[in-house]
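Shown next, in structure tokens, is the structure this report addresses.
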Amino acid sequence: MKVKSFAKIDLGYSVYKKRKNITKHDFESIFILVESVYDDIEIIKIDKNVDDVHYYNETNEIYVYSRLVYKTLEWIRQTYRIKNHYRINIKKRIPIGAGLGGGSSNAAVIMKSILELEGIKEINYKDVVNKLGADIPFFLSGYKTAYVSDCGSTLEDLSGQFKLSYEVHLMNVNVNTKLVFEKFDDNQWHVIKNNFKTIIKNLKENIVTNIYNDLQEHCFELYPNIRYKYNELLREGFYTILSGAGSSFICIKLKDKENQVIHEN
């Protein structure tokens, strides 16, 4: 089975402080699938007692260790009592550490494909979030745009409800998401600025304003070169927001231009 594993961008990102005995941050965001940026994944049933995962660029095999992919394979096997094993070939195009959900997309596509091959249709999103990750349910959902909350397990389909013209600006920086969240946690004072009900209403009326990413300033503190690029994009006239923990930007522009992806060398 051959499948595409698409990237996503986060339009606005509100992060809530962790509550006692809760290991994950609750958040709100609008996730948008980016179908022009994707990894190619091939899934082959093999006659072995272990799974075999390989990563490639356009020409060669490369070393990438994704704990999430192996964790997903283990979760599938334990949850659904699957006995078959698989070789997974992943041709990487989604940049690593770019805030585009590449690892989660890979995990979701692998999960969905293997369950399809095994004839299994039911997936518990809350269990996926608790055991694997908050971005995975979006990639499982089939939605092109969604309002996401409840640690990623609750999704409201917004596909086709507004038209947004944007560029995705990819920087050649691998951001450490864990460090960005640690910076966020160290900050004692935090005010939620986004009102997603208003943001969604405005987007449907072609109004883009008052959209914030709570991780943006913490990313900039750790990576000053990303802040520099942000200021440069602002000077070019874009409404610019960091995607996730970084390093990619969503640059919103005039709606009569085509969406595109720009790579920073």
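Cβ from N, Cα, C; glycine included.
Lifted from Swiss-Prot, the feature list:
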type: ACT_SITE; residues: LYS8; note: active site
type: ACT_SITE; residues: ASP135; note: active site
type: BINDING; residues: PRO95, ILE96, GLY97, ALA98, GLY99, LEU100, GLY101, GLY102, GLY103, SER104, SER105; note: ATP binding site
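Taking the features listed in Swiss-Prot, we show where each one sits on the structure.
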{"residue": "LYS8", "record": "active site", "DSSP class": "strand"}
{"residue": "PRO95", "record": "ATP binding site", "DSSP class": "coil"}
{"residue": "GLY101", "record": "ATP binding site", "DSSP class": "coil"}
{"residue": "ASP135", "record": "active site", "DSSP class": "coil"}
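Here is what falls inside 10 Å of the CA of LYS8 (active site) among the binding-site residues PRO95, GLY97, GLY99, GLY101, SER105: GLY99, GLY101, SER105.
Every protein chain shown contributes to the tally, and the Cβ of GLY99 (ATP binding site) ends up with 30 other Cβ atoms within 10 Å.
Minimal Cβ crowding within 10 Å, among the binding-site residues PRO95, GLY101, is found at PRO95. When the binding-site residues PRO95, GLY97, GLY99, SER105 are screened for a C-alpha within 10 angstroms of the C-alpha of ASP135 (active site), the residues that qualify, in sequence order, are SER105.
The highest number of surrounding Cβ atoms within 10 Å, among the binding-site residues GLY97, GLY103, is found at GLY103. Its Cβ placed at the centre, ASP135 (active site) has 25 other Cβ atoms within 10 Å. The ATP site, placed at the center of the C-beta atoms of PRO95, ILE96, GLY97, ALA98, GLY99, LEU100, GLY101, GLY102, GLY103, SER104, SER105, has further neighbours from the same chain whose C-beta lies within 8 angstroms: ALA7, ILE94. Counting every protein chain shown, the number of other Cβ atoms lying within 10 Å of the Cβ of SER105 (ATP binding site) is 27.
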